[in-house]
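Per TrEMBL, these features apply:
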SIGNAL    1-24  signal peptide
DOMAIN    85-246  domain 'Aminopeptidase N-like N-terminal'
DOMAIN    256-461  domain 'Peptidase M1 membrane alanine aminopeptidase'
ACT_SITE  E329  active site, proton acceptor
SITE      Y414  site 'Transition state stabilizer'
Amino acid sequence: MSLKVLLTTVYLVFVFLCNNQVTSTGIHSLRYYGYNTPMEVERRYDADLFLKGTETSPNNITGVTTNEAVNKSSKNIRLPQTVFPRFYDLQLQVHIHGNADTKDSYFNGSVTIEIQCLAATAELFIHAYPNLNVSRDQIKIFSDDKEDSKKTEIPIQTISYDKDAEWYHIQLKDALQPNASYKLIFGQFNSSLNYEPVGFYLSRYAENGTYKYLASTQFEPTYARRVFPCWDEPGFKAVFQFTVWARPEKIESARYALDIGRRILTYFEDYFGVPYPLPKMDMVALPNFKAHAMENWGLITFIESSLLWDPYTGSAASKEWVTVVIIHELAHQWFGDLVTMKWWNNLWLNEGFASFLEYTGTDFVQPHWKYDERFIFTDLQRAMISDASIKSHPVINSAKSPDEIEDIFDPITYSKGASLIRMMKSFLGDDVFLNGLKIYLQENKYKNTDEEDLWKALDRVSLCFQITNNLQ
């Protein structure tokens, strides 16, 4: 396994799955990193995880018709759990022209999705944001069973779009059969590129008085659908590969990140008792980013100020900031990536743990900072202030719409979540708490969880206190 720090130049392009090719002009260098998954992902399909939604509404996407008869008075934006995406073969071609004017810069692509049918159904729902121009005549679905050597095409009856739910409704003439495999193809889609840092977006930086441009991604929480049609919910975990265009500059400013990144990755492997499962870890600095960082599995993206620290000109405060952000994102490789919450109402299982582990990890790499002693002045106080606000909400929230999901990325989820975890560690004791986390991670890796899964893991190692009975 290797850990590298990359600085992007012209493009940062994710090419998912098989072919690993990008066609474009003006690209200076290419680095390819294969993604070898350690398993055919073990999956758990809970019957009550998703609710069916069938409402459609008018839209103006290319080649898509509207079926008013399907409209209903109630709306649910959760995808049904009748099929599961196992593998995405995504090809993106990026076009950045001239001075990166957003009128002329765009991307186009295609995606083939291998899906497994879990329950008989004649309809499919798949997310896509209204910005994607999708050609209806390029949407196909074929049988992918080994017994069907002809790979029979499944006739499509209608395709409609719900702008509020941000999904396509594909009505088939014949039902898909349980346990059978299929390939769903979106043969052509495109969208413009702009500087709004969500989905697939433009950014730039100056070098020797000249602007250089790049495109990068921000998919959390509901922005992957802006780039390609997909099952854009945390419960649908799929296998992918990617290609990265990059430049190895500002290497001195990246050495500190490289040093602590290696050490923390090894430390967390020992601490959790669960090895990091990927063959490499890359960290990429971007000049423009919506958040401080994003914990993409095996390829973490950062805004430059959260990854780069110059030992000659950087301040002590910026060094501390870089340290904490790197540790937070590396913690997500276990809490969020290896084990993912079933739905956004349990976002604290990702962000609360990553925030809590900032202190443990920082005390390991910089013990003289005594960072854990600051918890009550930072996260605990932040949680109490936010909890006193009229806008406070439960840690386990009932977020449904994309706007509601975005709103829960707040101090209640991060700081109060971390405070609750620290409280559990205190009353259970260090050994019991850590052994419970090891069980939680080991038994739920590559799966999706809710709070009950955490309680059960802690209950198994706690002899005198039952989490399940006391934290309902």
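Positions of Cβ are set from backbone N, Cα and C atoms, glycine also.
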Cβ density check for the residue listed as 'active site, proton acceptor', other Cβ within 10 Å (all protein chains) comes to 26
Whole-number Å distance separating the Cα atoms of Y414 (site 'Transition state stabilizer') and E329 (active site, proton acceptor) is 13
Give the number of CB atoms, excluding that of Y414 (site 'Transition state stabilizer') itself, located within 10 Å of its CB. 25
Integer mean pLDDT for the domain 'Aminopeptidase N-like N-terminal' (85-246): 85
